[in-house]
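Engineer: If you scroll down you'll find the structure; I have some questions about it.
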Amino acid sequence: LSSKILIKWTSSTQAGALFGRGGKQSAMVGFNGGNGTGWYALPWSADGNSYKLVQYGSAQVAGRWLARVDEDIEYGGCSNDSIGILQLDKPQATMLGGFTLNVTGPCFRPTDVLKMQIDENTLDCERLDMVMARCVVPVNSIFKTGQVIIRLSVDGGKNYPWWNKFYILMPSLARRQVNLINDPVVLNNNWRSFNPDNLTLTWPAANITVNPNAQVDITLWGYWEDVLGHSFEQIGSIARNSPNRGVFSFNPRTMSKTDMKPDAWRKYTGGLLQIRVSQDWMKDRGDGIYWSDMIPFGWYFHDVWQYQMGKNWATDMCIDWFQYDGRRENFYMFLENSQPCPCTLDQALLDIGRYVALMDCDINGDHRCYYTQGAQHCVVSVRSVWTGAGQVCCYDWQGWLMFSQDYEFNDQYLRFYSAGVPYRAHPYGAFPYKRPPYVPSLSNFYNDLLPYEYCCKWAGHCEFYFWRRITSGCQDYRPPAVGYIYGEGHIITYDGTRYTFNGKGYYVLTTLKSKNNHMMVQVRMEHPPKTLWNSEVPATVVTGLAAQDNDSAVVQIYARKEFRRWRYKTDVYVDGTRVFFDTPWQKLQTFKGVTIRSRPRNMNMSELEVMFDTGMGLLVQEARGTLNVIVSVPPEYNETYAYRTDTFGYPRTEPATGLFGTGKCANFYRTMGLFGTFNNDKRDDLTTPDCNVVNTNYPPSEIEARNVYYEFGERWRADGIRHPLLFQTKFQPIYNPLTFASMNYQPIFDPWRNQNTTFWESLIFTREEVRVTCQGSPSCEFDYLTTGRREIGIDTLMNERKFEEQKRLGEKILISCGPLTKNYGVLKYPPGNNYLDGVTVTFTCQPDYFLHGDQQRHCINGTWSPGWWPWCRWRDEEHALKWFTGIIVSLLIVAVLVAIFCYCNSMKKEKLKRRGRQYAIGSFGPRTMKAVDPSLQKTAPTQPYPPSELDAAKGVGGLNGRMNLPTGARFSETTA
């Protein structure tokens, strides 16, 4: 607590003052944040009218200024001003609502009608006293995340002159005051199980209410949505009017469900638990309401589902979801092309701007990986596609992409292999937030996580889930380009050029201005701490960074000074508002067009990821007061030809001019700056804004280093004329502005020269020690020699080698053939890298199965070798089918032979009939005579009986040796 009642005027000699008075700068009045950290100005500081401080105050006493002293200063008391900034008792709260806000700012009169606007909601507030008012945000009123504006009115809503910024947390990241305890001994007593016999939950009883005799209600709130709308409502309870002991255990099988909402089992398969004060929680002076994590309600509806749907209720629910999801819009077709998965873990870790670690499967944080068992690390796309879908990619412990197509049809297989799948609803939600499937956390929980529960965990038929959620391949993935500035101005450009630039002031690190993007990243460079022999270091380091892409929020990050780093390593500002990342629920925050993340295990804000919606990303790492910055730009930022377009949008033949200068800079959209020109060509990396190219070698000679400094680096100074300055003057250090801005400054270009050697240096280290320590790294040698500190040189060496390896592996373009689909019982080898170019995949079957199809396939230049899809058949079924096939084939052969015999016999009969025989040889039936032309009967009358054998032998009346008939008339005859 800081209370100022006596204020004296003073100034610094560096500002031109003499004995503390006079000078070029008006008096700056303020105080530090405790323990000598920071500087916070009082009103009218440096305005020339600081005498008003003794006439006014923040505690209704003239000259008294009351403030809570901490990293974030909060002034006490109230003000009679007509406009100002509100002070809030908390900086953020959950999207679910059910929280109170105590506000201070204006002095509240008894007749004031207080109203608050938060996002699109207008609330009534209660006056507690002259200084403080209390506003209650009800449940189910806000469906949005990110930074919103809170406004307060004292005249019933006619004007809202008092305001401040407030952050709305998504439910999956919000602070969980209700802890759901899983039994480590009896594994079935789990909140995600559908048949536990004992469940336990805890909550901070002392904070939920100030009344020690208060009772609480433990209720269930279910979430449901379809394509038209969504609902979040209370559907039942676990306990009513229970003592507020902070812990509660119960048996779900014997729990009463008398107040369960009718037909709730049809819609609400999951949601949250709420604990609230039983009577008038909105009037209670405590927190009032606590929420749990999102969980499925299998333990609550198990008996109802089994009664209504039968013993196969889980399978029926899975199939119903499978059919319903298949009738919905195919989000996969929009996600696959725009956000393909990185092929390897190295690519995913380097793609800072387009992918971020999945919250519950992070190699550097929470590694439960409940939905992605067997994964070393998972990433999710930073932004969603227009349908609200998001990409999720997981990597095994060898760094290979895991595919759902490799899933084995075995419920035990999920214990060690569950691939990442695309989500219909992005976990972070998307604009407009308030309608499905864009609701943060809840839409993802309902559409993507709950189906995993009742398909994979409850029904044991995960194939239905993976058929609808197929892992995206990496055939269309193109890695980003990365640049790095580290140590004392050492730079590795996007295209791999190395050089050192020790400017002093503000500089353009990288920039792009095109018809679709306007990106700018600037750095502030100043002297590091003095050498061990107490002299100024003739070089500079990066101590500040400012970035913006298109119309996003401006992000500023500053390294804190030596005696201010005991708690935080950096100060972060977003659009002028200071933000913190030191609590678990603040680790990931979204703002206008940008998302900022601090790794879960990093509590001092020394490592920050800044991800813009355009795909550009920054990794800022603080070390000993220096910022090492990696900038990742997507392939779309590569050099592209610029066309003028006519009225209808069609390109003309003449190029646009005046983008950056003349020549090639005028005809191309180019990503330029200290990080070089991004076009995969090292020859023009050091290009000035006027499109002049400076050549250099590495390590450079003194002449080359001097040329790079004056002819290239200094041309990229952000002076506010050619390039607008993103840094805000209110955050410039007051200790000595000359440390980062001096027109007479000249750095050292060759520390190995004898003229740059001092006597004190030889007392601390030798040149040979430098060579041995740095192992041939010019950057390490430069930092070691200029600072005299061995640890600085080693840090530079390690950071350089680490980045070189990251860049080599992460920017490598890999050719993928995509995963090969396999059926039930098929085993694929190798289990990891079975999709990249040059890989041979071998298929086998489980011991009880036989393999069909091609056993091996080869990935050649992005295409699999021709072949049949492999599949397996059960051994008993295989034997039965073989016997059945043998019998059928034998019968078919016999049938074919019989058919051939019958056919030949019929053909011969037909042939004999055509020959005209009348009697069949060996036949005992009556014989018939073939019909004869009536005209022939006149000359040869018909004989009533056949001739005797004697007449036939004698040829009696026979023209043909048998009977006296004309030629062509004879008896028909068949052979036996």
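Note: Cβ is positioned from N, Cα and C throughout, glycine not excepted.
Note that the structure is predicted; figures quoted are calculated from it, not measured.
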Engineer: Of the cysteines CYS845, CYS902, which is paired with CYS872 in the disulfide recorded by TrEMBL?
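Structural biologist: Answer per the record: CYS845.
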Engineer: Return the average pLDDT for the domain 'NIDO' (1-72) as a whole number.
Structural biologist: 66
Engineer: Three states by DSSP: which one describes CYS872 (disulfide bond)?
Structural biologist: strand
Engineer: Cβ distance under 8 Å to CYS845 (disulfide bond), same chain, sequence separation 6 or more: which residues?
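Structural biologist: Spatial neighbours, sequence-distant, of CYS845 (disulfide bond): GLY825, VAL826, LEU827, LEU851, CYS872.
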Engineer: Tell me whether CYS845 (disulfide bond) sits in a helix, a strand or coil according to DSSP.
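Structural biologist: Once the DSSP labels are grouped into three classes, CYS845 (disulfide bond) ends up as strand.
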Engineer: Over all shown protein chains, what is the count of other CB atoms within 10 A of the CB belonging to CYS872 (disulfide bond)?
Structural biologist: 22
